[in-house]
Amino acid sequence: MPLDLYNTLTRRKERFEPMTPDRVGMYVCGPTVYDTAHIGNARPVVFDLLFRLLRRLYPAVTYVRNITASDDKIIDRRATTGADRGADQAHRGPLPRRHGPLNAAPTIEPRATHHISHMVALIGLLIEPATPTPRKGTCCSPCRRWRSTGQLSRRSLDEMIAGARVEVAPYKRDSSDFVLWKPSTDGQPGWDSPWGRGRPGWHIECSAMAKEHLGVTFDIHGGGLDLILPDHENEIAQSRCAHAGEPLARYWVHQRLRDRRGARRMSKSLGNLLHRGTSCWTEFPGGGHPLGVRPYRSRGLPEAEESKATLDRWYQALRGDPAPAQAELPFDVLAALEDDLNSPLAISHLHELASAVNKATGEAEKAAAKGRCRSAERWAAPETRSVVPLGAEGAAALSDADIQQRIEDRSAARKAKNYAEADRIRKELADLGIVLEDGPQGTTWKRA
């Protein structure tokens, strides 16, 4: 079956057809690393699911997910906390580890600070020779140069700025303009440019990095629903202005947001975070369509727990002597995923596969059923990793040295009276099937 995706650009589900038949490029907006990762940051696992599906369907797939390491929020956090410029690395550090259990790794993960020259070059295409010298070293992009601004959000420029009640900055010629390059003070990070020492505006980062790694136009651009306006609108505007109207991406896919207490989206800027730690299962894409705002329920988490229980049964069914995998992914699972990533339906089919193993009576029947399960496992984890380490399977993925290092980290946290961090590490190991026992001689561990 062909792949169908909901395209925010057209507001309908469309047949996916890549620009090049055997090659797909996908860019997804990653985190801004000014605070610890929270459970909402795990939602992009939806794009990992799409990445795996695309790799099954096409010979070559490039998945780019950026890291924003130079941003006003990062600068403000440093000023507030007194942290140095390495602080973003501390917040970025947990991301690979915490995404590790989710097994959600992109092909390329560029950092904004490593692409300043590309941003300067792109801004140079937007600043026309006849444009007056930028005021106070600030370059702005005139949105009205591109008439289709608003095509993602379905809002006109006048609607976007109507009622804003915000005074227009003196360096802007129009209230709809957005910053491409801004000056930096002595205490702020900055780079040399034709417009003086400064740093890039937020939106130019993704346009420049996507162009560098995927080209002027690529297949899929992903991100959260909250990025449609103004982030993705501005990316489209500046990219099309810079490249004679060429589109930035052909398909725009937006994942749902995590909403806390049924009120607002969960985000660092709103200060309503629940840090992920080991809450990976609240984000498993088995609880509904990737579009929309998903409420976080602190008690029960029935959808996530049901998904986890299903895959627990799946792994349990595969324990013992390994059975050879079938060549193809079971049709029902594949068909569900090809229908706009219908992960709830795919999960239900995985449950059926595991049930078939448990219900099989003869050795031949059981081997055939296990083979169908193995095909799903190997498709989902082509690098010979499990989809998500669970229980004993997760423990097996950790070496003794890894476990001992986490125990030492926990001991250091306890000595520093950082009991929340110590408890988090203990819970993290417990979720991976590692049981810790504290005694007079120190901490010992065993695999559950």
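From the backbone N, Cα and C atoms, a Cβ is placed for every residue, glycine too.
Keep in mind that what you see is a predicted model, and the values were worked out from it rather than measured.
Listed in Swiss-Prot:
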BINDING   Cys29, Cys206, Glu235  Zn(2+) binding site
MOTIF     31-41  motif ''HIGH' region'
COMPBIAS  79-91  compositional bias 'Basic and acidic residues'
REGION    79-106  region 'Disordered'
MOTIF     265-269  motif ''KMSKS' region'
BINDING   Lys268  ATP binding site
Cβ-Cβ distance under 8 Å to Cys206 (Zn(2+) binding site), same chain, at least six residues away: Tyr27, Cys29, Asn66, Asp231, Glu235
Sparsest-packed among the binding-site residues, when each Cβ's other Cβ atoms within 10 Å are tallied, from Cys29, Glu235: Cys29
Stretch-averaged pLDDT - the motif ''HIGH' region' (31-41): 53
